[in-house]
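Peer 1: One structure coming up, written as structure tokens, with questions to follow.
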Amino acid sequence: MVKVPVPFAWNEDFATSYRLIDLEHRTLFNGLFALSEFNTRDQLLACKEVFVMHFRDEQGQMEKANYEHFEEHKGIHEGFLEKMGHWKAPVAQKDIRFGMEWLVNHIPTEDFKYKGKL
């Protein structure tokens, strides 16, 4: 299990070698960090939106490359979005922590599997 960085921000340990994906991963970190700081309905909606947009983009790249683990990866994304869909502002700190832990573990355990394959 990867330790949640403090402050909660993207760093080179999470680099996938795909510029667009890395930029989008930064927005996921920023969205969760902002939610932890401000925890408003608008911030929750913005956070959900960046996750939905990133998952759509990443899955599109996987599909285009005929990535062998596409369906499995898509299912993992859908499972996270389902959990996030139950969050209501103000979001419980345990849920925000879950999101942070999920992200810092998802990138190295799942996203790194597609390095060199997209």
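Going from the start of the chain as shown, residues are counted 1 onward.
For all residues, glycine too, the Cβ spot is worked out from N, Cα and C.
In case it's useful when we look at the structure, here is the feature table from TrEMBL:
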- 17-117: domain 'Hemerythrin-like' (DOMAIN)
- HIS25, HIS54, GLU58, ASP111: Fe cation 1 binding site (BINDING)
- GLU58, HIS73, HIS77, HIS106, ASP111: Fe cation 2 binding site (BINDING)
Peer 1: Give me the Cα-Cα distance between ASP111 (Fe cation 1 binding site) and HIS73 (Fe cation 2 binding site), rounded to a whole Å.
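Peer 2: Rounded to a whole number, the Cα-Cα distance is 8 Å.
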Peer 1: Work out how many Å separate GLU58 (Fe cation 1 binding site) and HIS73 (Fe cation 2 binding site) at their Cα atoms, rounded off.
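Peer 2: With distance taken Cα to Cα, HIS73 (Fe cation 2 binding site) is 10 Å from GLU58 (Fe cation 1 binding site).
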Peer 1: What other residues of the same chain, not counting HIS25, HIS54, GLU58, ASP111, have a CB atom within 8 A of the CB centroid of the Fe cation 1 site?
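Peer 2: Those within range, site residues removed, are THR16, ILE21, GLU24, LEU28, PHE55, ASP57, ILE107.
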Peer 1: By the count of other Cβ atoms within 10 Å, pick out the sparsest of the binding-site residues GLU58, ASP111.
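Peer 2: Across GLU58, ASP111, these binding-site residues, the one with fewest Cβ atoms within 10 Å is ASP111.
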Peer 1: Check the Cα-Cα distances from HIS25 (Fe cation 1 binding site) to the binding-site residues HIS73, HIS77, HIS106 and tell me which is shortest.
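Peer 2: Out of the listed candidates, the nearest Cα belongs to HIS106.
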